[in-house]
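The compositional bias 'Gly residues' annotation in Swiss-Prot covers 15-29. Residues or ranges marked as compositional bias 'Basic and acidic residues' in Swiss-Prot: 131-163, 196-207, 237-248. Feature annotation from Swiss-Prot assigns compositional bias 'Polar residues' to 220-230. The domain 'RRM' annotation in Swiss-Prot covers 42-118 and rests on sequence analysis. Here Swiss-Prot flags Ala2 as N-acetylalanine. Feature annotation from Swiss-Prot assigns phosphoserine to Ser13, Ser14, Ser21, Ser24, Ser32, Ser230; the stated evidence is similarity to another entry. Residues or ranges marked as omega-N-methylarginine in Swiss-Prot: Arg19, Arg22, Arg136, Arg166, Arg175.
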Amino acid sequence: MADFDTYDDRAYSSFGGGRGSRGSAGGHGSRSQKELPTEPPYTAYVGNLPFNTVQGDIDAIFKDLSIRSVRLVRDKDTDKFKGFCYVEFDEVDSLKEALTYDGALLGDRSLRVDIAEGRKQDKGGFGFRKGGPDDRGMGGSRESRGGWDSRDDFNSGYRDDFLGGRGGSRPGDRRAGPPMGSRFRDGPPLRGSNMDFREPTEEERAQRPRLQLKPRTVATPLNQVANPNSAIFGGARPREEVVQKEQE
């Protein structure tokens, strides 16, 4: 079992970079501090995202950090983005820095950023399984580098109150290595009824930093599903039809 370091040795203060203060009066209420992992995967839960979020938006939010992979979580039935994602970083320092974005405003939404957690299996170790490409858009092998399983329970203290929307996905590791090792259950973390979350007041919203995302350079997302009604052969005709016309 890996050793952990706590991140309570740092003051998470707001500044113009779009970060929020952890545990402040305008935040998400009191949370028990989690431990930072000392070995991969270094994965953060990012919640309360707009429903039209795509991968490029996540890259822009954490543009100064070393991102390894991004997974936007979708509804299994509708394939719609559920409003949260998992971001794996190359090193623990980037994960630690990402936690300072908790409470930052993106539009009219207050971001939720926390350490993603998995559940240890009964036989020891963190479970994983081998398989083909993820059917939710992760790409690459589904084998876990860090041994996390998407069906494992985890506990980051958030409710699954996200519905609908459209989002993008990441094709895989941006450095041609294994994709994000963390395969978490398609649902945000849950906590007991003592969770003290409230929406910030208008006065608190006015005092919090805002993240500014530039307009997308590509009008149509790269991962948009192709039109099923489009012609398979384009402007060309099947060979049988061409031969028949020549004979006439």
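Just so you know, glycine gets a Cβ as well, placed from its N, Cα and C.
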What mean pLDDT does the predicted model reach across the domain 'RRM' (42-118)?
94
Would you list the DSSP helix, strand and coil counts for the residues of the domain 'RRM' (42-118)?
17 helix, 31 strand, 29 coil
